[in-house]
Structure formats: structure tokens, C-alpha cells
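Taking it in order: structure first as C-alpha cells, then the write-up.
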Protein chains: 2
Amino acid sequence: MQQSVVRSLARTLAAELPSSADRDVRLQGWVHRRRRLASVTFVVLRDRTGLAQVVVRDPDVAAQVEEIGEETVVEVTGRAVANPQAPGGVEVVDPAFRLLSQPAATPPIELWRPTVNAGLPTLLDHAPVTLRHPMLRAPLEIAAAAVAGFRDTLTGLGFTEIHTPKLVGTATESGANVFRVDYFGRPAYLAQSPQFYKQAMVGVFERVFEVGPVFRAEPHDTVRHLAEYVSLDAELGFIEDHRDVMAVVSAVARGMVRAVQELAPAACERLGLTPPSVPDEIPAVHFTDALRIVDAPPDEPDLNPAHERALGEWARDEHGSDFLFVTGYPMTKRPFYTHPQPDDPRWSNSFDLLFRGTELVTGGQRLHRYDDYVAALRRLHQPLEPYESYLETFRYGMPPHGGFAFGLERFVAQLVGADNVRKVTLFPRDLHRLTP
Amino acid sequence: MQQSVVRSLARTLAAELPSSADRDVRLQGWVHRRRRLASVTFVVLRDRTGLAQVVVRDPDVAAQVEEIGEETVVEVTGRAVANPQAPGGVEVVDPAFRLLSQPAATPPIELWRPTVNAGLPTLLDHAPVTLRHPMLRAPLEIAAAAVAGFRDTLTGLGFTEIHTPKLVGTATESGANVFRVDYFGRPAYLAQSPQFYKQAMVGVFERVFEVGPVFRAEPHDTVRHLAEYVSLDAELGFIEDHRDVMAVVSAVARGMVRAVQELAPAACERLGLTPPSVPDEIPAVHFTDALRIVDAPPDEPDLNPAHERALGEWARDEHGSDFLFVTGYPMTKRPFYTHPQPDDPRWSNSFDLLFRGTELVTGGQRLHRYDDYVAALRRLHQPLEPYESYLETFRYGMPPHGGFAFGLERFVAQLVGADNVRKVTLFPRDLHRLTP
């Protein structure tokens, strides 16, 4: 009888408990923590929406709770009552416990502790369990929100979502750092980016975006590099030059930051996240001016990390902005499909977006004339043949276009201030790690 | 002077032309078609929103148009005027043309013809160009809308988006049909599904979904199989049994169909698409009843395509539904992580969703107790060791859970009635095809 009443009761989520006082409730979740005092045992239950406090006074139930280790999955039925001392102001009393699975083994880290002290290898080796920790889960909630913000912003601007193949026939974009696949007995490669495909799709949809994995056989073991990451790519046609692309990047950055605040407020609060300020117009400096700002010699071919950090400080001091565009990078440092600066072809119509002094986005205007591609590849003494199916697009009329790519994990790492991109990556892949 | 005026004029999209009568306009797009009559030349311009008619009477401009081949990218400035005979009721007169790129070569198919007569190899070999045809582009617009519907429905139900690795260390889910990768000198594999990862993430988020590529080294050359496709995956915890999963599948199917109608109406109209009817409750039959309905012997181990077609007809006749769930498939035919039917372990708590008589979704309840996994693998004489990092999740408390997966390309193919999944796939990959 009791059982059938219980079953007919809808599940109450932890976040709904504060508004459920004086009602019978049925909670389901993980035993997050037990605390046994002299006359009372507290059980904190965790579900996807947060934590709920359950108060056990009945000695028989307390004895049962004694047996239920942390992380065991249970159903708790009881009465929700107001208690100003309880988290959220409401707790569950007179509870009955029912196991929904077998009792849990002791987890590799204590998930109920407010902070995480375990080393990175432990956290990564046991990620399916350690990610349950609210502090470790938070960056993944932020990532989901950021991706939603990316897509919503671009959809609002008339972009169409595409899904391009990750198995490709030639390692064209860069011969190095590419993973080789046995494809029915012949070689194939994992795509390092959707670059060529998104450009081709500008010919079909004008404006496209893709959220998907990219693969880099990155032989460097650094805190910033992964062998597989999620790339947020966009490409648009009918631009005047790279500044039209930068306007879209600005809108996207704003949309992503806003989405993180609106869709993942609990994760932001848990991490004590200070949302960055994205000005209405993100400041931009040309590469040549950037060198002057950081006191680098004018013939420096690229910006190093120290330069980027100095530029980040300059942007905050001079413009009150966490973001800064650097434009016009030397053509020699950009890929062959980059459009040169029309008035001085030493420089390019390209840009990086720095976020707090670290590169976050790379983009620019691309070549759009077939003849320019042929000339660019010839200048680099590259054969045309591997690029044939890529170049075909440009024979049949392509508008001036450009695009950009965010690395999702780097964005999240920079947002939450993680010192290693692996800390915010779901099951990272690198030189040494292929599991779990 | 004229130039600067023109530049300051915002671009008018083809779809905006009907509401732009009696205004100066600046259009940009591809020359879709030219028609030269005795005293007038019509130019149809194509952009991402549709077609626009431009009327050329000036002989000098007509001579210029003569030189501009189809697919050349141009800017047209002129006056928008109402004309009941023009498509959309408004056309552009007194135009000036400016090339935005170099003149286009003659495309491999005539993109301006209303229907496509070329063979599949031609269409696929030249996909970057042939996909510009409005009829070939339409399925990709429908795919984008369907994915948006999938995500929006699940987000509304409290699911969190995840991105799981495609490079995996062991070919566990099925040893066959897996692509092998050279991973820094050791073997790795391309994930055939995010199955194990999405289950693990139920322990973190309770409800998760993923949209991403999956890889099958499929040695069969059929109209339904691809070596790489987009899988729409979801998994949820705290279910009673597979029927809770089916309720989510129903909501998702409804959300996807609605999104296709709302977000891609032009594509639906172009293809003359009849939207399927998704009843409030999708009918469901148990496998044993399904065998009876199709007059198959009761010991038949699986449903073949003819059976599925007959069930599709039955669902339409008996329930007025394009969709039908078949539940309870024999355990021997389902993967080892499938939860058995509690009252008769010959059958499983699994289901397929048939759409117009073809399998569209596979799903079910999974095992959630560590001991059950160990027993299931032992029964199959499988070693535990390769599954270790997968099984770890279940040691630490996992709720009863289940999930499902849609194949995006199959969904679109069935929706638009394509006889080959390649016709609705962006750059398909199969036994023979790795380009473009």
C-alpha cells in the first residue's frame, strides 16, 4: 500500500525541494555524504540539480544508512519541511530509503569534499567517477553552455549547421601532425580541421558553422595541446574583408559569454567565475603596432606567449577589455589559403583574438579566386594534385569569404582559469593518454 | 561617387526583395540563370535565401551579362519594382553588375534546371558544386533543422550536451568493423558509438546527449550503410524501464519533425515533403506480437526488412501512425549491456523505432549493476580486462538507465524518401569513397 502511494508520487529534484515544504516528496540520487551525530544522522543526497539534506532520527533507518556507502544510488521518500538551518531552507524528515542499484564501492577520491586535492593522473584515470565532483563537473556545464551560445548566435545570423567528414583522403592542410587510418586497406587521415569543407559550403549556404572533433597528432606534451579537441568553426561569404569576420567573432564571443552566465549560473557560482567583459567593439591592433606596443623589434616574425600576455595587459589597461584582436599577421606565418592585405602583401587579412593575453580564436579572409590558389601553391612549390578536389570549388564562382575557429576546451580553460586544458576536457587524448 | 553610395547601401537578400519595392537595392549572389529574349535579358540571381529576378534592357549591360557565365558571383545594384509576373512579385530593373570574383567555369551539372538528372557518381564526385542545386541542398537544410530539434527537445528535458572522444584505446563494443589508427606508434580505434561514454556520463549529469560522428568499417556496399555518419545519441538515468526511454524518443521524434517544418519550410516545400504524423503516444508492440502480426514463426530470432515493412503498413492501417515501437527483442540479438526483461530473460528491455517500416532508432534499458556486467561478459566468454575502464563506472553507483541513438542521415533519407542515404549525406564515406 505504502509502496504504491510512493510510486505514484512524481520525483522531486533537489533544486525543487526549497519550494516543496510541507509536502511528501520522492527524491532520487547518489548518497553524497553521511554525517552521524549523537541523536541524528544527516544524509546529503546529490542529483543533477544539486544537493538535498535528509534527516534520519529513526534508529532502524540510521542503521540502514550506516550500510549505504557514499555514491550508492537511492530513492528517498519522506516529508519536506522548512528548516532555516538546512541548505536551501528545506530538508526531508522521516525518510525511507530504497536502493536503486547495488551498494557502491569506495570512490577513488572523496567526492563530498568541497575541494579536490587529488593529482591530475588520478582525476583523469578515474574520470567517469571523479567528474561527479561538483567542481570538476562545472567546466563541462560551462562548455555545454558555451557551445549553445556559439550555435544560437550564428543561427540568429543566418548560418546553417553542417557536419563534415572526419575521414579524409589526403593530409593536405598540413602534412605533419596527422593521424593515419587504415581505411579498407588504403591510407586515410583524420581531419585536422573542417577548413576545406566549410569553405566549399560557403558556395552552398553562404554562412555555415560546425561543432565537431578535430585531430592533431601533436607530439608536444604541453598543458595546452590535445590530440583531439572540439572545434567551433564558422565561415561566411560576401564579406568586404576580414573585419566582417571579426564582427561575427565579436558577436559569437559575446553570445558564448552570455550563454555561460545564463545557462550555467550554478557552475559559474561554484567556480567563483568572474565573467569577462566583452566590449561592444573589441579593440583591434595591427601586427606592426602590436610589436611596437610590446617593444619587440619591427622584423619579429610572430608574437610569442610573453608578447601576447603583454598585449592582454595593454588591452585591459587601455580599453578595459579582456579581448583584443591582433590583425595583419605576416603572410609567411599564415596558411596558404590566407588572403593578403591588398595594400601590402607582406601582411595578411587575418587575425587572432586574444582573451586575457592568450590566443583564443584564429581567423581571417581566405583567397576566393582559383587563380590565386594556384599562384599561392606554386609560390610554396606545392603540387596542385592533392588539392584538386578542394580547388574545384573555386573554379565555379566563390564569393570573398572568411572564417574562424574557437577551440572549445581552450575557451573553457581560459574562462575558468584552469592551468591545464586537460582539467576541463571530457576524457582528454594526448601523446600518452588514450583511456578512459 | 556612385560607388560610395552603392557601398553604403545594405545588402538586400533575395527573400527580402518582395518587401523592397520602389527602393534602390544591392543584391549579391550567384548568376543562377540568364535568359536572353529579343529586347530584354533576364538574370536570375541566387543567394542563401532564394532567387531574385533582374531585368536587363540596356544593351551595354546585356552585353556584359553575356560574358558572365552561370555561377559567377556578382553584385547587382538597381531599382526594385513591383511586377506581378516576377517571382515574388518584385524584380530589379536598371541593374549594374559588378563581379565579386573571377568568372565561373561551366559547372558539371546545370544547376538552374528544376530537377537533377545526373547520376549519383557525378553528383558525389563534384559535391562542392552540385550541392548548390536547390533540390540537393534541401536535405542538408532539413538535416540542420532536425538536429536543432533533437537538441532543443532534450535541452528542454534537462539533458546536458557532451562531446566524447572518437579516438579510443580498445575496440570493445564490437571487434569487427572498426577502423584502426596509428596513434603515436600504438594502435587506437575510431569509436563506433559513444555508448560507454554516454553511460558513464549518466553518473555525472543523469541525462546527456551528443551529436557527433561515428565510424563503422562497414564492408557492405549498400544504399543504407556509411563508413562515417552523424549519430544523435542520448542516455538518461533514474528510469523504471525502457518505456521511460521510449517516452523521450517519442518527444524527440516529435521535436525533430516539428523543427523540420518550422526551421526548413522552404526546403520542405521544394521537395514536396509530406510531414509524418507523430501520434501523442507512438504505438508499441512486443517482438512476440510483431512476429504474429507479420505471420512469422514464433521462433524467428529477428525481424527482417520485409517484416519491418509489413509492420509499418500495420501501424499506419491500425494506428494511423508513421511510427511504431517494437519492444522486447531477443537478448541474443542485442548487445551485452542490454537489460533483460525482468519476467522472462529470453527477451530484453530494448526497442527499435520503425519509421514507415524501416528501423530509425535503436535503444533500450542497460544493465546498471557491476555484477550483472561481469555475469553478462562471462556468459559470452568475453575477457573482462578490455572493459575495465568501462566497468569501473558501475562499481561506484549507477542508477537504472537507458538510451537511444538516431542516425541523422537515415532519418533524413527516410523523411525525404531518398533511395540512397548518400543522396542526403554531406560528403559520404563508404567502402569506395573517401573524396571529396
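Positions of Cβ are set from backbone N, Cα and C atoms, glycine also.
TrEMBL labels come from automatic prediction, so no person has curated them.
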Annotated region 'Aspartate' segment (source TrEMBL; candidates A:127-130, A:195-198, A:259-262): A:195-198
Listed in TrEMBL for the ATP site shared with A:Arg216, A:Ala217, A:Glu218, A:Arg224, A:His225, A:Leu226, A:Gly407, A:Leu408, A:Glu409, A:Arg410, one of A:Glu161, A:Glu269, A:Glu281, A:Glu359: A:Glu359
Those binding-site residues of A:His225, A:Glu359, A:Leu408, A:Arg410 having Cα within 10 angstroms of A:Arg216 (L-aspartate binding site): A:His225
For the region 'Aspartate' (A:195-198), residues assigned helix / strand / coil by DSSP: 4 helix, 0 strand, 0 coil
Subset of recorded positions A:Pro87, A:Arg216, A:His225, A:Thr362, A:Leu408, A:Arg410 within reach of chain B (CB-CB under 8 A): A:Leu408
Among A:Arg216, A:His225, A:Arg366, A:Arg410, the most crowded of the binding-site residues [Cβ within 10 Å]: A:Arg366
Pairwise Cα distance for A:Leu408 (ATP binding site)/A:Thr362 (L-aspartate binding site) [Å, integer]: 13
Model confidence over the region 'Aspartate' (A:195-198), averaged pLDDT: 96
A:Arg366 (L-aspartate binding site) versus A:Pro87 (site 'Important for tRNA non-discrimination') - Cα distance in angstrom: 55
Residues satisfying Cβ distance under 8 Å from A:Glu218 (ATP binding site), sequence separation of at least 6: A:Asn177, A:His225, A:Leu226, A:Ala227, A:Asp430, A:Leu431
Pairwise Cα distance for A:Arg410 (ATP binding site)/A:Thr362 (L-aspartate binding site) [Å, integer]: 12
Three-state secondary structure, which DSSP defines for A:Arg410 (ATP binding site): helix
